[in-house]
Amino acid sequence: MKVAVLGAAGGIGQALALLLKNQLPSGSELSLYDIAPVTPGVAVDLSHIPTAVKIKGFSGEDATPALEGADVVLISAGVARKPGMDRSDLFNVNAGIVKNLVQQIAKTCPKACVGIITNPVNTTVAIAAEVLKKAGVYDKNKLFGVTTLDIIRSNTFVAELKGKRPTEVEVPVIGGHSGVTILPLLSQIPGVSFTEQEAAELTKRIQNAGTEVVEAKAGGGSATLSMGQAAARFGLSLVRALQGEKGVVECAYVEGDGQYARFFSQPLLLGKNGVEERKSIGTLSAFEQHSLDAMLDTLKKDIQLGEDFINK
């Protein structure tokens, strides 16, 4: 199994690479790519960790050598948020970066499963889909927006609030990956209940958690370490499913049946070809249903922005 990380010299990419070097199955290959000249050195640094995962680093304009033979590609390349910015302010820079990298994926490893971490995910996934479609290699079961950070934050915050072990809480999060489009389904956590006020406040905290980190870092960046952990969890789940493990379920932002929007984050059963089944979002509370209805315009606009970036 070969996993490529694009944007591997950045804060998320280095954290992700460290976790993958430690946790990928024995015999896996990990290839790191970034435009920054430090990238081969990051790979050498990680190569000293005694795990049976081969690692190589590549830098420069051309990601092709890193992508050859990749089964999974995780893209974290791009600029990070600064205080006062929201994820959509990143669009102008990051849209072009994602387009360029996905064009290289389309040529070099068109059958790979691709996880997009680069913000704004609501939009960059639509860009990636349109690029792959133009190249004639788009498979909607193999393109994912990585929203796992919303899930792990939800798990943490719920456990704190309710005095549970964080490892025992699993919150499904649906919708998109910014602001109001992030919808944790708090009503679906077994054995935990919330007052309406708790649910509203917790939902808001989960939606604004990225800003919490941006402000706490005081201009020094955005969520890199927790995002690295989230991306590693998703990437490792994908690898396990591709290798034939049964019953692997993760939420991610994918193209579905279009019931809510062209792309929508929902629980997915993963398998040997990527998405095996898009699972139902189940029964929502009145608060969740209202939040879902209220976000769809925003989500659809975000998606349209990505489609237009490629098609206009």
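The backbone N, Cα and C atoms fix where each Cβ goes, glycine too.
D34 is the residue from D34, D86, D139 that Swiss-Prot records in the NAD(+) site together with G7, A8, A9, G10, G11, I12, G13, N94, I117, T118, N119, M227. Nearest Cα neighbour of H177 (active site, proton acceptor) among the listed binding-site residues (A9, G13, T118, N119): N119. Note on proximity: among G7, G11, G13, the binding-site residues of the record, the Cα nearest R81 (substrate binding site) is that of G11. Among the listed binding-site residues, namely R81, R153, the Cβ with the most fellow Cβ atoms inside 10 Å is that of R153.
Note: the Cα of G7 (NAD(+) binding site) and the Cα of R153 (substrate binding site) are spaced 23 Å from each other.
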